[in-house]
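What TrEMBL lists as active site, nucleophile is Thr121. For Arg149, Val150, Gly151, Asp152, Thr172, Gly173, Asp174, Gly175, the entry in TrEMBL reads substrate binding site.
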Amino acid sequence: MEVGAVAAMRYVKDGIRAARLVMQHTKHTMLVGDRAAAFAISMGLPGPTNLSSPESMEKWTRWKENHCQPNFWKNVLPVDSCGPYQSKDNMGLNKGVCSEAKAMGIIESRTSLVGPHNHDTISMAVIDKMGHVAVGTSTNGATFKIPGRVGDGPIAGSSAYADDEVGACGATGDGDIMMRFLPCYQVVESMRQGMEPKLAAKDAISRIARKFPDFVGAVVAINKNGVHAGACHGWTFQYSVRSPDMDDVKVFTVLP
């Protein structure tokens, strides 16, 4: 139950190190924004640093030329192709109208903007020789996200969760959807109740897929004895494992 997190932090490259510093040197759980960056720099991390690269600037320029599409806005009208955006309700459209899907209690279909080529989450779980379990997740976030967006990366129980008595879980995918289900908390609690990692991982993913059939995501589960498994939806997922009795890392492929 030791947790540290940072979110919406710019100008500091080592987000996961900053999160560890929050855990080690504060009584808080999460710091965000420019103050998180200032904290990280004050604790000795390099910065402020321009984290833009030629590749990222080129990608952003092409996106602007494509009228800022795709993006994460919904139910809005732009004044021009790239905003600023205004709510349709504020413009007198759809006023007092409830969508049929919501009226029937059905969650509207959402085509995921997350895939293998446009996000970069890394999650790692470790069991040390004393049996202590730790897990960490780091990400640059969703490509072309709305400024200020926080995904599931820093949310304990969503992208990562661990308990020495049980095991650990790491997650990746469409964080905006996945954080609504706290899949890694679900995985660890399912293992606590006796589920094997494979079943616990599949159960957590299926809970999301029932509500959001188009979502893309995956979880990896490992129990305290080192038994591991993964589950995914919407893509073919790979994760790697290394243990003391292995000569090299082994990559496992999980099919949806």
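Each residue, glycine too, has its Cβ placed from N, Cα and C.
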Which residues does Thr121 (active site, nucleophile) neighbour through Cβ under 8 Å, counting only same-chain ones at least six apart? Thr137, Ser138, Thr139, Gly153, Ser159, Thr172, Gly173, Gly175
Output, ordered by sequence, the same-chain residues six or more apart from Val150 (substrate binding site) with a CB under 8 Å from its CB, or 'none'. Ala7, Ala8, Val32
Long-range Cβ environment of Arg149 (substrate binding site), under 8 Å and at least 6 residues apart: Ala8, Phe72, Gly141, Ala142, Asp176
Within a 10 Å radius of its Cβ, which of these binding-site residues (Asp152, Asp174) has the fewest neighbouring Cβ atoms? Asp174
Tell me the Cβ neighbour count for Gly175 (substrate binding site), meaning other Cβ atoms within 10 Å of its Cβ, over all protein chains shown. 27
Applying a 10 Å Cβ distance cut-off over all chains shown, what neighbour count does Thr172 (substrate binding site) have? 27
